[in-house]
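Below is one structure, written out as structure tokens; comments come after it.
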Amino acid sequence: MGGKSEPAKSESMATKPDLLNTSFFSFKSLKLKTKQQELLLRISILGLVYILAFIARLFSVLRYESMIHEFDPYFNYRTTLFLTEKGFYEFWNWFDSESWYPLGRIIGGTLYPGLMVTAALIYWTLRFLRFFVHIREVCVLTAPFFASNTTLVAYFFGKELWDTGAGLVAAVLIAICPGYISRSVAGSYDNEAVAIFALLLTFYLFVKAVNTGSLAWALASAFGYFYMVSAWGGYVFIINLVPLYVLVLLITGRYSMRLYIAYNCMYILGMLLAMQIRFVGFQHVQSGEHMGAMGVFLLMQVFYFLDWVKYQLNDTKLFQTFLRITVTSAILVGGVAVGVGTASGYISPWTGRFYSLLDPTYAKDHIPIIASVSEHQPTAWSSFMFDYHILLFLFPAGLYFCFKRLTDATIFIVMYGLTSLYFAGVMVRLILVATPAVCLISAIAVSATIKNLTSLLRTKQKVSQTGSTKGAGSSKASSKVTLDQSQPFQKNGAIALLVGVFYLLSRYAIHCTWVTAEAYSSPSIVLAARGAHGNRIIFDDYREAYYWLRQNTATDAKIMSWWDYGYQITAMGNRTVIVDNNTWNNTHIATVGRAMSSYEDDAYDIMRSLDVNYVLVVFGGVTGYSSDDINKFLWMVRIGGGVFPVIKEPDYLVNGEFRVDKGASPKMLNCLMYKLCYYRFGELTTEYGKPPGYDRARGVEIGNKDIKLEHLEEAYTTSNWIVRIYRVKPPTNRL
């Protein structure tokens, strides 16, 4: 009966149309092979990571508005706006008379144009595609866009260093790492916005060239280096790390034609391209920071020559003699060349910032203007934990795996990681440079660990075991039983460790999101605080003051302030400034520092010599804003005293302590900066239960409440007293 039913069933099925096998409903045709599934999964993950890296940097736009952050980005925005309106030729030959009065500044020869040109190209492309956006919006979103591009480079770099898994993990880690997000949020329109992408791209292309020996990859790395040179002065790190890496490979006996092709092409073409940047020019072959790369380049030619001679000679003793003579001659010639070049002035000495990286105390002792910048300070341990979280612990594990599988590529990433972490410890700003290396090495640790643990889960558990064995076979059977019994424990341990790994990664994601939202997405030009009832208070005093300058002062008015605010005054106030954030002329900045730290009569003479019309100071005594000019005042004294010996720091201290209360020094209580900040402040009650004139930023009652101004008059004070502007009176008539 069953035999008859089967044919009937088959016939009935044959008469019905098979919808699943038709061309429209065929799912079999959609079935992908294993490699295709992996490719689709990789592309999907990278797409999600790309989007994640972009949207994670938009907190500031959502919380505030689309605006430029910090100080330097305002100069970059102003120059980009000029480029898009006037064209590249005018931009390249632009003399800016609104900065560094009366000296002015040649813009084209004193900046790295890569960021501006990149944003302008994006803007012109969008306009060509009929997306009519303002250049400011392009500038605001340039950093998130290139951060997303950096995740793709991190993926390919990790894949080249280790495997596909390491590349994917590296892309995820760097997408949300606070160490990178700190300088790539929306509105952070600074050189690092594109420079970190260029840095990682150059390293990836160079390692690819070393691994393959391909001339095309070597040339690509040279163009990547050119883009890095055009974008940021941190290119010096590349031109010193790559030769150091090549030198290590030569010393360890890893010389190869692949290395020869990669380095020579990258150095020669990269050098020629870099010299086209006016700000770099012949420094690439004359400054001390670049001499190491040239020395390694010449050493490579000696290695190649010796390798060729060794191939031609059959006599080992003769080659050893020739080797000693050649090496000795090369060392002597190189030493003489360096000595003559240095003595003649052809080779310029290292810059102060380069010295400060090798000796952290150098800037404080010799160049206080470098030490005065907060991002040039040494890094605290808490900053590493804040910016890296669990990557601090994954980094050593990644180094272990790299040393375990040592290749030309892993040697490079180890050197990159160790050197960049050292420099990050010397200067907090360079945490940004170390972040890609930390993420890549940590990704290797995560990928290798997960791969080892999942391999334990894939092991097949034996079901049958031999019950009885005799003779020599009994010991073999017992060992099998022991192994089989240990497998469940290994699998349980692997599962527990995997859960722990993913838990730590989830905590890393939560930490990164919190840091991004709370610490790195607040523009310094608009301040925010929480009120007594938890309500959000916005202090928009900076833009209020700059708007007042733009609307209420003459177009040719000269504004004197500390150099921190120069770029913002020029970009938003559209007025001429005495000094700004370029800090190229230490004497000019010292003159402003001398004026701020002098008595009013002496300061007035200095201001008249500079044709100053208005003086702007930042004061946080009312709101508790600690980054004001009073807290920066000692740097003004140090920088001014470095050029003008009449300014002495001990005159402003009491027993080595900086004070603004009644115990402050007479010079401090009567200097121009003190007067301008605390003028009329003695009449103001800032906090309940505190006397009038209580400074909330320093937590003391000021020492001089009866301040009278003779040569200046108050022109404008913002609603929260954060920015105060004073008009310089014309000289009185004299008989």
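A Cβ is built for glycine as well, from the same backbone N, Cα and C atoms used for every other residue.
Because the structure is a prediction, the values reported are computed rather than measured.
According to Swiss-Prot:
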TOPO_DOM  1-38  topological domain 'Cytoplasmic'
TRANSMEM  39-59  transmembrane segment
TOPO_DOM  60-142  topological domain 'Lumenal'
BINDING   D72, D190, E192  Mn(2+) binding site
TRANSMEM  143-161  transmembrane segment
TRANSMEM  164-181  transmembrane segment
TOPO_DOM  182-192  topological domain 'Lumenal'
TRANSMEM  193-212  transmembrane segment
TRANSMEM  215-229  transmembrane segment
TOPO_DOM  230-234  topological domain 'Lumenal'
TRANSMEM  235-251  transmembrane segment
TOPO_DOM  252-256  topological domain 'Cytoplasmic'
TRANSMEM  257-282  transmembrane segment
TOPO_DOM  283-290  topological domain 'Lumenal'
TRANSMEM  291-310  transmembrane segment
TOPO_DOM  311-326  topological domain 'Cytoplasmic'
TRANSMEM  327-347  transmembrane segment
TOPO_DOM  348-380  topological domain 'Lumenal'
MOTIF     372-375  motif 'SVSE motif'
TOPO_DOM  404-409  topological domain 'Cytoplasmic'
TRANSMEM  410-426  transmembrane segment
TOPO_DOM  427-430  topological domain 'Lumenal'
BINDING   R429, Y567  dolichyl diphosphooligosaccharide binding site
TRANSMEM  431-452  transmembrane segment
TOPO_DOM  453-494  topological domain 'Cytoplasmic'
TRANSMEM  495-515  transmembrane segment
TOPO_DOM  516-735  topological domain 'Lumenal'
MOTIF     562-566  motif 'WWDYG motif'
CARBOHYD  N574  N-linked glycosylation site
CARBOHYD  N581  N-linked glycosylation site
CARBOHYD  N585  N-linked glycosylation site
MOTIF     629-636  motif 'DK motif'
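Overlay of Swiss-Prot annotations on the structure.
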| residue | record | Cβ contacts under 8 Å, 6 or more apart |
| --- | --- | --- |
| D72 | Mn(2+) binding site | D190, N191, Y567, N581 |
| E192 | Mn(2+) binding site | R183, S184, W232, G234, L432 |
| R429 | dolichyl diphosphooligosaccharide binding site | E375, H376 |
| N574 | N-linked glycosylation site | E98, L549, R550, T555 |
| N585 | N-linked glycosylation site | W100, L103, V579 |
Problem set entry | Mn(2+) site shell beyond D72, D190, E192, criterion: Cβ within 8 Å of Cβ centroid | E70, P73, N76, R183, S188, Y189, N191, A193
For this session: Tally every other Cβ atom lying within 10 Å of the Cβ atom of Y567 (dolichyl diphosphooligosaccharide binding site).
Result: 24
Problem set entry | Considering the transmembrane segment (410-426), which listed stretch of 39-59, 193-212, 257-282, 327-347, 495-515 counts the most C-beta pairs under 8 Å | 193-212
Problem set entry | Same-chain residues at least 6 beyond the ends of the transmembrane segment (164-181) whose Cβ lies under 8 Å from its Cβ atoms | 38, 42, 45-46, 49, 52-53, 56-57, 147-148, 150-152, 154-158, 196, 386-389, 391, 431-432, 434-436, 438-440, 442-444, 446-448, 450-451, 508-509, 511-513, 515-516, 519-520
Exercise. For the transmembrane segment (431-452) and the transmembrane segment (193-212), does the number of C-beta pairs under 8 Å, pairs 6 or more apart in sequence, reach 3 or more?
Worked result: yes
For this session: Run through the topological domain 'Lumenal' (230-234) and tell me, per DSSP, how many residues are helix, strand and coil.
Result: 2 helix, 0 strand, 3 coil
Seminar exercise, completed: Cβ neighbour count within 10 Å, max among the recorded positions D190, N581, goes to D190
Problem set entry | Secondary structure tally of the motif 'DK motif' (629-636) (DSSP, helix then strand then coil) | 4 helix, 0 strand, 4 coil
Exercise. For the motif 'SVSE motif' (372-375), what does DSSP give as the number of helix, strand and coil residues?
Worked result: 2 helix, 0 strand, 2 coil
